[in-house]
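Now, the feature entries from TrEMBL:
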type	residues	note
DOMAIN	109-240	domain 'Methionyl/Leucyl tRNA synthetase'
DOMAIN	289-483	domain 'Leucyl-tRNA synthetase editing'
DOMAIN	495-655	domain 'Aminoacyl-tRNA synthetase class Ia'
DOMAIN	713-743	domain 'Aminoacyl-tRNA synthetase class Ia'
DOMAIN	799-908	domain 'Methionyl/Valyl/Leucyl/Isoleucyl-tRNA synthetase anticodon-binding'
Amino acid sequence: MMALALQWQLQLPLPLQARPPAVAAAHRRQRRLLAPVRRVPPLRARCCTSAAEAADAGKAQAAARRAYPYDEIEQRWQRHWEEHRTFRTPDIGEGLDTSKPKCYILDMFPYPSGAGLHVGHPLGYTATDILSRFKRMKGFNVLHPMGWDAFGLPAEQYAIETGTHPKITTERNIDRFRTQLKSLGFSYDWDREISTTEPAYYKWTQWIFLQLLKRGLAYQAEVPVNWCPALGTVLANEEVVDGVSERGGYPVIRKPMRQWMLRITSYADRLLEDLNDLDWPESIKEMQRNWIGRSKGAELEFSAVDKEGHDLGAKLLVYTTRPDTIFGATYLVVAPEHVLLSSLTSEEQREHVEEYKELAARKSELERTDLQKEKTGVFSGSYAKNPATGEIIPIWVADYVLGSYGTGAIMAVPAHDSRDYEFAVQYELPIIKVVSPPNGNCDPAEAYADDGIMINSCNSSSGLDINGMLSKDAAQKVIEWLESNGYGKKKVNYKLRDWLFARQRYWGEPFPVVYHDDTNEMVPLSENELPLTLPELDDFTPTGTGEPPLTKATDWVRTIDPLSKKPARRETSTMPQWAGSCWYYLRFMDPKNSNILVDKAKERYWGPVDIYVGGAEHSVLHLLYARFWHKVLYDTGLVSTKEPFKCLINQGLILGEVEYTTYRDNEGRLVSADSNSSLIDCYQEKVPADKVTKVGDHYVLKDDPNIRINARAYKMSKSRGNVINPDDVVSEYGADSLRLYEMFMGPLRDSKTWSTGGIEGVHRFLGRTWRLIVGPPLPDGSYKDGTVTTEDEPALDQLRVLHKCIARVTEEIHETRFNTAISAMMEFVNAAYKWETQPKSVIEPFVLLLSPFAPHLAEELWFRLGHPQSLAYEQFPEAKSEYLEESKLVLPVQINGKTRGTILVDKSCSEDDVFQIAASDEKLSKYLAGKGIRKRIYVPGRILNVILDQQKART
């Protein structure tokens with residue numbers, strides 16, 4: 001009991017006392033419902049006279065250990081669903097009743113890795129399956145498909161390491177994923193299965209690219225990229241960590257390359273504004289807003305000069321969100337990749353600048369903009385004139401300024417920007433305060449970045465005076481002054497950059513363009529030539545020169561332009577992995593159409609996706625790119641909605657089992673984790689769970705409670721060795737147990753810790769449900785046919801228990817609080833075990849309630865209850881209000897105004913009946929026996945207050 005309680009405590013991201021009362025109560029109820037029952041000691045093994053008898057005895061013991069025969073049940077119903085195509089959604093015009101409401105429920109496109117699923121993957125898939133089954137039973141047409149985002153770097157890198165073609169490994173991985181998903185009983189429409197690697201699919205990815213090209217949204221540009229020589233490809237910023245590739249840990253450098261770009265910035269305002277209408281987590285919307293990074297400010301011009309103030313003939317454009325602080329600009333900073341840097345660098349400083357540029361090229365943009373990193377830079381040797389003050393200020397080069405944001409140059413105001421302040425202190429540059437806080441108080445040892453009242457902001461030569469003005473008013477006046485004097489203008493800027501849409505790798509969609517040999521003119525292929533398929537390559541390793549692997553397919557590269565008949569060559573870069581996942585939700589609506597991306601009638605009916613479930617790690621790029629493409633397709637008239645995903649749900653992580661570690665010093669002696677002495681010189685040692693116990697809010701060794709240990713759960717990974725394979729769990733406990741446990745662990749959106757003890761609890765619950773309805777096992781471990789239910793009319797209390805359960809489960813599914821829905825069903829089973837009979841008319845609705853969560857078990861019980869057809873489309877039970885009202889209530893009883901106890905009474909009880917119940921109550925009777933009653937105050941349903949006659953009481 002104690003061990004399981006410990007495991008459940010560890011599964012909670014917060015201690016119960018830190019949670020809202022209702023949530024804490026729900027989790028206490030879950031733990032109570034899963035408390036282990038007393039185990040019957042195993043039968044003592046007897047001697048077997050033959051190998052056959054020994055085998056039979058082993059089978060009998062294995063059957064006895066199972067809570068119910070899940071393996072036979074699950075295989076039978078999975079075959080049934082596949083043979084009958086139970087979850088196939090008909091097409092419009094092929095039997096789909098479009099008068100019914102629709103619900104499109106979609107999982108984020110999985111990448112089929114070689115490792116297969118771990119138990120974290122089914123968390124979101126189980127949630128969408130519950131919703132899909134529930135909606136079908138509520139009368140909705142449900143679209144719930146599955147497919148594979150199968151292009152990409154991991155498959156290609158694995159192919160390079162093993163010499164196996166990525167097509168082979170991808171197909172093998174897909175087969176494994178599909179088998180695993182089917183083993184969990186998910187109700188996908190497998191007739192709609194798609195893969196981004198199939199030519200019939202990426203034909204339409206290429207078609208969308210051509211539409212982008214026609215609308216001027218696809219172009220080529222020379223841009224600095226994250227180039228990984230070892231991987232032979234360009235990496236996104238998110239794929240670079242600490243200067244090396246996230247996959248493989250290979251060095252990454254910044255290198256200018258000609259690349260395909262998509263003009264996502266043209267849709268920045270719409271991507272920002274339309275977030276307001278989405279039913280998404282506010283945190284995700286805020287991430288997207290920050291990524292788009294819309295800001296208002298000014299673009300102004302500084303003239304480059306030498307040390308004596310002589311004009312160098314170059315103008316530096318600077319973007320700032322705080323034009324009011326122009327008088328505090330004491331230096332400029334340009335990005336290491338700024339186009340004018342070479343001309344701005346003096347000969348004396350050139351060697352230092354080139355060395356710094358090389359160092360900066362090894363860092364990703366994320367590293368360069370890390371607020372915590374030490375600021376570095378180098379003086380360019382040139383200066384600029386501040387147009388407001390006329391002062392000559394130095395131009396520095398620093399990697400905290402990015403060439404891809406704004407103009408690639410900033411005016412540094414160290415008194416009022418923390419990064420500029422750190423840089424100015426580091427290099428002893430002037431700091432001039434120009435904004436005073438409204439209350440006059442600020443720390444002189446740090447930058448004051450808020451608005452305030454302008455000071456030190458007047459120059460008679462320039463004619464600009466903003467002293468005494470509020471920051472907002474001053475900013476507007478500075479912009480007007482800039483515009484009237486030709487120094488700058490008002491400007492709206494975005495952090496969002498155009499999407500780098502090319503990778504120098506083999507395993508991706510080919511670009512449907514060619515280049516004329518004589519003029520190098522780029523010409524798009526006509527749509528009737530799609531798909532342009534990948535050539536078969538035996539050698540798809542990186543070239544080492546920056547040229548993509550496709551350059552090795554010389555017969556494929558050399559071609560003839562079909563329109564002009566001129567010799568031409570194909571594009572050898574391929575599209576990024578994001579391409580195929582930007583629009584797959586549309587193809588699921590019409591997966592077999594070879595003439596158009598999606599039929600308009602089907603898109604109008606099914607779009608947009610009603611419920612989209614996936615990890616928060618895709619909160620920015622995938623969602624932003626998909627929204628961008630969808631808006632382009634909306635503008636072309638192909639889709640009828642402005643947004644692709646109506647409601648977004650992010651499931652939490654499932655962490656590995658809790659790991660316990662303790663410390664030992666150099667002498668091998670145990671050191672408590674809360675020791676005052678330093679633990680830096682100690683080494684850590686793992687401790688088995690059975691050697692640990694909990695004391696208060698921390699963990700100690702059982703054998704030495706003075707030694708406190710660390711207890712922590714980590715994200716599942718092969719390197720930590722804490723990955724739980726769902727195949728093993730299904731084999732030992734069954735798919736329904738895995739599904740139920742993952743939903744029961746806690747709220748869907750929270751991170752949770754895996755516990756094998758927890759899954760044993762839900763497995764026992766399913767076994768109890770089975771035996772409640774089917775009856776106990778026969779001596780050989782098998783079960784008789786049919787059920788133990790009766791045709792008796794249900795009692796009122798039974799109907800109340802049922803309908804209370806229906807109401808709770810229905811509400812909790814609607815709110816995706818699946819853990820508390822399961823708690824409600826557990827309470828029903830506990831109550832039903834106390835009944836003398838199990839009326840069929842009560843058990844059948846309960847089986848339907850259970851079916852979205854444990855579909856295999858529910859199907860088997862439904863069949864045994866006499867129904868030959870699957871329950872997948874049966875009507876979900878409706879709670880009847882007349883059975884939801886409680887007939888009894890707990891009534892407080894006061895004696896002389898002081899509460900002395902409570903009694904259970906019928907709501908319709910009269911005052912006399914209530915008093916008689918109180919007088920016969922064991923606890924209350926001692927206050928009333930032999931006492932005179934002066935007055936009774938009864939408020940029905942609220943309170944009974946008995947006022948004693950003190951005079952009579954004394955006599």
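Glycine is no exception: its Cβ is also placed from the backbone N, Cα and C atoms.
Unlike curated records, TrEMBL annotations are generated automatically.
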When counting Cβ pairs under 8 Å to the domain 'Aminoacyl-tRNA synthetase class Ia' (713-743), the leader among 109-240, 289-483, 799-908: 109-240
Helix, strand and coil residues within the domain 'Methionyl/Valyl/Leucyl/Isoleucyl-tRNA synthetase anticodon-binding' (799-908) as assigned by DSSP: 55 helix, 18 strand, 37 coil
Arithmetic mean of per-residue pLDDT over the domain 'Methionyl/Leucyl tRNA synthetase' (109-240): 91
DSSP-assigned states of the domain 'Aminoacyl-tRNA synthetase class Ia' (713-743) in counts, ordered helix, strand, coil: 17 helix, 1 strand, 13 coil
